[in-house]
Each structure stands twice: as structure tokens, then as C-alpha cells.
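Trainee: According to TrEMBL, the feature domain 'ABC transmembrane type-1' maps to B:74-286. As annotated by TrEMBL, transmembrane segment applies to B:16-36, B:74-99, B:105-131, B:138-155, B:161-184, B:205-227, B:272-290.
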Amino acid sequence: MATIKLQQISKSFTDHIAVAPFDLTIEDGEFLVLVGPSGCGKTTTLRILAGLETPSAGQLFLDEKDITNCEPKDRDIAMVFQNYALYPHMNVYDNMSYALKLRKLSKSQIAAAVEKAATMLGLKDLLKRYPRELSGGQQQRVALGRAIVRQPKVFLMDEPLSNLDAKLRVQTRAELIALHNKLKTTIVYVTHDQVEAMTMGTRIVIMKDGFVQQIGKPIDLYNRPVNRFVAEFIGAPPMQFLSGSIVKNEENLIFQGDGFALNLQGRGEAASEIYLGIRPENLHLCTEKTPNSFSAQVLIVENIGSEAIIHCDVGHEKIAIKIPVPQTLPKISEILFVIPGKGDLHIFAKGSEKSMAIVQLSL
Amino acid sequence: MFIPPQKKSLWPLVQGLSYLAPSLLLFICFVFYPLLKSIQLSLFNTDLIGQETIYIGFQRYIDMFSSLQFLHSLWATVLFTIYTVLPGMLIALGLAYIANWQLRGIAVFQTIFAFPLSIAVAGASMIFMMLFNPTAGVFAYFLQIFHLPAISWLADPNWALISVSLVAIWRGLGFNIIIFLGGLQSIPKHLYESAGMDGASPWRQFIDITLPLLSPTSFFVFIVSIINSMQTFGEINILTQGGPSESTNVIVYSIYREGFFNLNYSYASAESIILFFIILLLTLFEFWLLERKVFYR
């Protein structure tokens with residue numbers, strides 16, 4: 001039962017800004033994901049929440065209580081570290097019970113709490129083992145278990161899956177979602193992986209170079225990115241961009257690209273320097289030239305089994321197209337025609353990179 | 001799978017030995033030969049230039065253990081070890097702990113703390129001789145400030161061993177601090193962060209994280225300190241020459257005095273063999289005892 005409020009929180013070091021001031025309220029029971037490329041300030045933000053970094057300015061509230069200058073130990077917040085930070089000289093049981101021992105709980109209370117968490121995480125047979133005797137996945141569970149036994153108000157997780165292999169990562173991702181549904185505790189989760197952010201987060205904060213770019217539900221970030229960075233960061237393969245201009249012709253908008261034009265519908269203004277952003281799954285191949293299509297030369301074909309990514313040249317630019325398989329795959333150097341589908345097309349201003357309008361193809 | 005029998009070649013052995021030759025040569029000249037020679041000397045009567053005369057078996061050892069002077073030397077050595085090892089380690093650990101704080105200019109202190117390492121025993125002893133001076137010394141001055149009775153540091157049989165121990169502790173600090181500092185720096189920072197979030201105060205973090213993870217380092221420092229303290233010679237030779245009233249006549253000094261003043265080579269050899277076995281057994285015992293208590297990652 002915890003709400004966290006960040007008020008104009010920022011962190012700057014002598015030579016650079018790690019986190020620019022921003023406001024955020026994390027609601028009780030939320031699974032909030034901080035995502036962005038490395039160096040974007042997401043881990044610093046998490047460490048400010050943990051109390052391991054002092055913010056340069058701003059205030060931090062936990063359930064209306066100002067904890068800005070509160071010691072980590074007095075915050076009732078648990079953290080799962082990227083490298084787990086298990087105590088190497090303690091066995092699993094001692095690792096999990098350490099926080100409870102410090103709280104001077106009785107032996108039976110501690111045993112019950114550890115037993116419960118160990119059962120939940122499938123660690124019951126490993127309690128006597130030392131961290132060095134555990135696999136990466138098991139260590140990760142112990143780190144989680146150590147946080148769970150404390151029944152903290154908030155869980156902080158710093159890229160907890162990044163040290164696991166791909167298969168285990170997908171499995172643990174699902175388990176973490178299930179765990180969150182069960183515990184209903186507020187979780188703040190840091191990752192650089194947009195797939196983790198999209199699948200796990202109830203809300204996502206996307207950051208770049210210390211600045212928060214957009215805060216919203218995963219689907220909103222996907223459908224309504226506020227700038228080109230968000231559009232490119234969320235979604236795999238990322239949104240594709242064609243540069244050109246928008247001409248307004250009575251009520252119709254026309255996108256003038258490099259040697260082709262697309263008729264668009266929707267609200268928008270004429271602009272000379274723009275990017276047209278199209279999701280790769282919203283691009284289709286056709287064999288003949290039709291209205292609104294443009295020609296492209298195939299560079300690479302990546303067949304993933306259920307789908308294929310076709311990388312091609314359009315004029316001076318490169319785009320990727322995602323098509324379902326089976327479909328006859330084009331050959332390298334083949335020239336084919338590409339037509340956008342019914343989905344949204346995003347117009348971003350060149351320079352500011354901000355979203356100007358979302359339009360559709362006029363059929 | 002069938003592996004054909006290999007022709008036995010001496011070449012790898014010769015090659016290996018040739019790499020070892022320089023250090024083997026040094027070891028043989030300065031360790032193994034003197035050791036065997038000492039054992040031999042201790043079993044014979046010797047003349048004034050150290051030649052064996054009559055074989056006497058273990059008689060020298062029997063005499064030694066019934067000699068009050070030897071037992072006294074043994075006791076002085078034990079006391080000296082007690083006075084120097086643990087206090088020296090605790091002070092070094094405390095200073096290393098402080099030197100490990102992330103403060104501006106801390107490297108200056110780290111360097112200063114390591115300083116005793118670079119000062120020769122003679123120099124250190126001369127400095128302390130001045131500090132210990134009962135009338136003009138700094139220690140006397142402090143005693144006077146706090147209205148404490150004056151102490152004849154090096155001339156009082158009750159204080160001489162403690163005074164020499166102080167010098168030995170100070171001399172050992174540099175090395176111990178460097179080793180402890182290395183040990184402290186090898187403890188990952190995130191363990192402290194994690195313990196802090198678990199609710200551990202800085203003191204509990206020190207007890208629950210620092211000390212256990214420092215145990216291999218402490219173990220190493222402990223063994224080296226014991227061996228060092230049992231072999232301390234320079235300070236004693238310069239400051240007290242074993243006196244007053246034999247109070248600082250530790251075994252090493254006794255060996256020196258018997259061998260090079262009394263020219264009793266046989267007795268000196270027997271004493272050094274006993275010291276050798278004491279250190280050997282102590283080290284083996286420490287390994288046996290502490291290996292099970294020491295946490296190795």
C-alpha cells in the first residue's frame with residue numbers, strides 16, 4: 001500500500017546532468033518500468049528512490065511522507081540489484097532472513113517468512129546452499145526472495161533479468177508478472193529492453209540523456225509516441241522513417257517523398273521538413289505499381305520463421321518491412337513496390353523531432 | 001581410446017629444473033643448508049670458531065629446557081607476540097577502514113599510513129629512542145601534561161618489552177594497512193548498499209559484511225604478523241640489547257647473543273631449531289584451525 005511521489009527530482013554531477021527535474025506519481029500496486037538506453041538516468045532515478053543517491057534537488061514522498069533525506073534502511077523499500085548482491089558468506093536461508101534478523105523478529109517468525117517465500121519461488125531445496133553453488137537463475141530467485149520476505153512497501157528492480165540467458169529471461173519475465181499479480185506490491189523496474197518494458201509494465205517512463213521523454217501505458221507509447229526517439233525505441237523492429245514534406249491540397253494532405261507521393265487523410269498542416277514514421281508491420285509488398293506505393297530495392301532478407309524482415313533502399317533512405325511467412329520472399333537486389341497499410345502514419349518535425357500529427361493513408 | 005605408451009624423456013624435467021635453478025640455488029645456500037647445518041651443530045659440542053667437536057645427541061635440548069634463562073626467553077617471545085600481533089592488526093584495520101572512505105585527498109593519508117614500510121628499522125628505532133627519552137621525549141611530555149607518573153620506557157624491566165612492542169607495531173603498520181586496504185577495496189560496494197537497504201547500520205555492516213569478507217585477508221595478516229613478531233630483532237638490538245634484566249631477551253635476540261657474543265654456536269643452533277619448530281607448528285595449527293572458519297569466495 002504505497003504511493004511514491006517524485007517532485008521535480010533531479011540529479012546532476014559536476015560535469016553533466018544525470019536526471020533532469022521531473023514529476024511522477026507512482027500509484028499503489030503499479031508495475032512502473034523505467035526504460036531507456038544506457039546512460040539515460042534510469043538507474044540513477046531508481047537509486048534515488050532507494051536512497052543510495054541523494055537527489056540534487058526536488059522532493060520524494062512515500063505515502064505523503066517526505067523521505068528525500070531518509071536513510072535507505074528507514075525507507076521500507078527493497079531492491080533487487082542487477083548482479084543480485086547476495087552475501088557470498090551466507091547461505092540462502094541467511095541471505096533471505098538477514099533483514100528480518102536485523103528487525104529482531106523471533107526465530108519462528110523468520111523461519112515462517114523464509115519458508116513462505118522459498119516455497120513461492122521454488123527455493124526450498126536450496127536453503128542450505130551458498131550463492132557460489134547456485135546457477136544465475138537460482139541466484140536471481142534468491143535475490144527476489146530476499147526482497148519478498150521483507151514485505152516492503154515498494155520493490156525496486158535494477159535490470160534483474162540482464163544476467164540471465166535468453167530462454168530463462170523470457171520465463172522469469174512471465175514469473176515476475178505473475179508474482180506482481182499475486183503480491184500487488186508497487187514495483188519500480190529498470191531495464192534497457194523495450195520488450196521487457198512493454199510486456200511487464202503497467203506504465204512506462206521512457207528516458208534519454210537524463211530527460212524523461214514520455215510517461216504512459218505501453219500501448220499509448222506504442223501508438224502515440226510524442227517524439228521520434230520514443231517511436232524508434234518502442235517496437236521491434238523500430239518504426240521506419242522517410243523524410244520529405246507535407247503539402248496541403250484543399251482538404252487533402254500529400255506526403256512528398258524522394259521520388260514518390262502518398263495521399264494522406266487526417267488533421268495536419270503543411271510542413272517542409274518532416275519525417276513520416278511507419279511501423280514495419282504497417283508496410284506491405286505489392287508486385288505492381290499502384291497509387292500510394294513506392295519502389296524499393298531489397299538489401300537483406302531476415303527470415304525468423306513466422307515472419308520475415310525485409311531491409312531495402314528507398315531512394316537515399318533505408319527502411320525495414322515486416323511481412324508474414326509463408327509468403328514468397330523477395331530476392332536480394334530485386335526491385336519491388338511497397339505500400340503502407342491502414343494503420344497510423346506518424347509525422348515528426350525535423351529538428352525538434354516532435355510528433356506533429358497522426359494520419360492515415362487516403363485510399 | 002588407445003594411447004600409445006610415450007617414450008619417457010628427461011628433457012621436460014631438466015628444462016623445468018633449469019627454470020627453477022636460480023631460486024633453488026638461493027634457497028639451498030641460504031635456507032636449506034643453514035637449516036641442516038644448524039641441526040647438526042645443535043647435536044655437537046662446538047669450539048670457538050664453530051667446528052663440531054664431540055657428538056652429544058639431544059643433551060643440548062635437554063639442558064636448554066631446564067635452563068631458566070631459555071624459558072624466560074620463550075616467555076618474553078610469547079609476551080612480545082601477544083603485545084604486537086593483535087594490537088597491530090586492530091590498529092591497522094582501523095586505519096585501513098578510515099583510509100578506505102571515499103573522501104577528497106584520502107590518497108594522501110593512504111600514502112602516509114603506508115610510510116612505516118619505507119623506514120629502515122635502525123631509523124625507526126632512533127626516532128623512537130628520542131620519543132622514549134624519559135626527560136626530553138614526547139611520551140614523557142604527554143605523561144606530564146596529564147599529570148601521570150614518569151615512565152622510564154626502555155630502562156624499566158616492566159615497560160621495556162611494551163616499549164619495544166610499540167616500535168614493532170608501528171613498523172608493521174604500513175604493510176598491514178596496505179594489505180587490509182586491499183582486502184577492504186575488494187569487497188563489492190553493492191553488498192553494503194544491499195545490507196543498508198536490508199536495515200543494517202554502518203556498525204552492523206562492518207560486523208556482518210566487512211569482517212567475514214575480510215577474513216582471508218585477516219588470516220594472512222595474522223600469520224605473517226606472528227612470524228614477523230617471533231623474528232623481530234632490529235628494534236631490540238638497537239633499543240635494549242635484551243635488557244633490562246633480560247626483559248626483552250626474546251629467542252631471536254638470545255640466539256644472536258649466544259652465537260655471536262658467547263660464541264656458543266651449538267646452543268644458538270639448538271635455540272634456532274626450537275624457534276623454527278615453534279613457528280612451523282604454529283603456522284600449521286593456524287591453517288588447520290582457521291581454514292575452516294575462514295570464508296573464501
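Here the Cβ of each residue, glycine as well, is placed from N, Cα and C on the backbone.
Given the structure is predicted, the values throughout are model-derived calculations rather than measurements.
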Trainee: State, in range form, which of B:105-131, B:138-155, B:161-184, B:205-227, B:272-290 has the highest count of Cβ pairs under 8 Å to the transmembrane segment (B:74-99).
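Mentor: Going through each listed stretch, the top one turns out to be B:161-184.
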Trainee: Count the CB pairs under 8 A between the transmembrane segment (B:105-131) and each of B:16-36, B:138-155, B:205-227, B:272-290, then give me the winner.
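Mentor: By the under-8 Å Cβ criterion, the transmembrane segment (B:105-131) pairs most with B:138-155.
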Trainee: Could you give the residue numbers and ranges of same-chain residues that sit at least 6 residues beyond the transmembrane segment (B:205-227) on either side and whose C-beta is under 8 angstroms from one of its C-beta atoms?
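Mentor: Residues 81, 84-85, 88-89, 92-93, 97, 172, 175-176, 179-180, 182-184, 187, 191-192, 195-196, 279, 282-283, 286-287, 290, 293-297 contact the transmembrane segment (B:205-227) from elsewhere in the chain.
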Trainee: How about long-range neighbours of the transmembrane segment (B:138-155): same chain, 6 or more residues beyond its ends, C-beta under 8 Å?
Mentor: 129-132, 163-164, 239-240, 244
